[in-house]
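Engineer: Taken from TrEMBL, the feature transmembrane segment covers 25-45, 60-77, 134-157, 163-187. The domain 'Cyanobacterial TRADD-N associated 2 transmembrane' annotation in TrEMBL covers 127-194.
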Amino acid sequence: MEIIPTPRKLIDSFKNTKKNDNRNLLFYLLVGIISTISGIVFIFIADNLFPDEFHNQKKVLYVVSIFQIVCGIFLIFRGSSYNRNFAIEINEKLIFEQERKVAQHPKEPKLAWDLARIKLESYLNRNISQVSSIFNLSVFVMVVGFGLIIYGSVMVFQEPKNLNGSIVVAIAGLIVNFIGATFLFVYKSVMEQAKEYVTVLERINAVGMSVQIIDTINESHLQLKEETKAELSKKLIDLYTVKK
């Protein structure tokens, strides 16, 4: 799950929108970005351009601006999720088509290799997306924690009488940073899982190249070809055997 869409993710989403003519995704992203930016602009206007005598009007504008920002962020999240689901759907269609080819031609090992590679690449892409999401979330949470600590320090410098409140805010910042650190531990474990996927993917690619080399062996060397296939089958068994 993409928790915090980064600018790069948004740019990729726009590229996918143009490539696939996905109007729903374009609607979510454009409306979300426009709503968020307009909400920030309205808050700036309320702070700097509204006279003090329009106190009630400023409150209403604040509420409307915050509502716009929340809706905009929600639509951006929704667009990012929609883009991810759209990519997963395309990949599932590709896997289904490859499975159909394998069922029609069971004696062609290259097709089975392609199917295994596509599936593993799909798992790897999802794993990388999770890694990116966890890292972005941990950074965001830790920035918020540091912000609370800085805010507590500023409160003390501005008004020494607020010492107790500043201590509470600083402690809250430390707790938030601790939560962000726990996310980093999860990030480490998911990274290790992604590394395992990459290792298996490299082995599958090596097996695929071996299959292609076997196909180049002339039929006149039938015994050599069969022995090579048997050896490759053993390597495949070793590849998918769970070592305790």
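Yeah, the Cβs are placed from backbone N, Cα and C, and that goes for glycine too.
Bear in mind that TrEMBL entries carry predicted annotations, made automatically and left uncurated.
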Engineer: Which sequence-distant residues neighbour the transmembrane segment (163-187)? Criterion: at least 6 residues beyond either end, Cβ under 8 Å.
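Structural biologist: Apart from its flanks, the transmembrane segment (163-187) reaches 131, 134-135, 137-142, 144-153, 155-156.
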Engineer: If we skip the immediate neighbours and take only residues 6+ beyond the ends of the transmembrane segment (60-77), which ones have a Cβ under 8 Å from one of its Cβ atoms?
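Structural biologist: The answer is 2, 5, 10, 28-29, 31-40, 42-43, 45-46, 50.
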Engineer: Give the residue counts of the domain 'Cyanobacterial TRADD-N associated 2 transmembrane' (127-194) per reduced DSSP state, in the order helix, strand, coil.
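Structural biologist: Going through the domain 'Cyanobacterial TRADD-N associated 2 transmembrane' (127-194) residue by residue, I get 67 helix, 0 strand, 1 coil.
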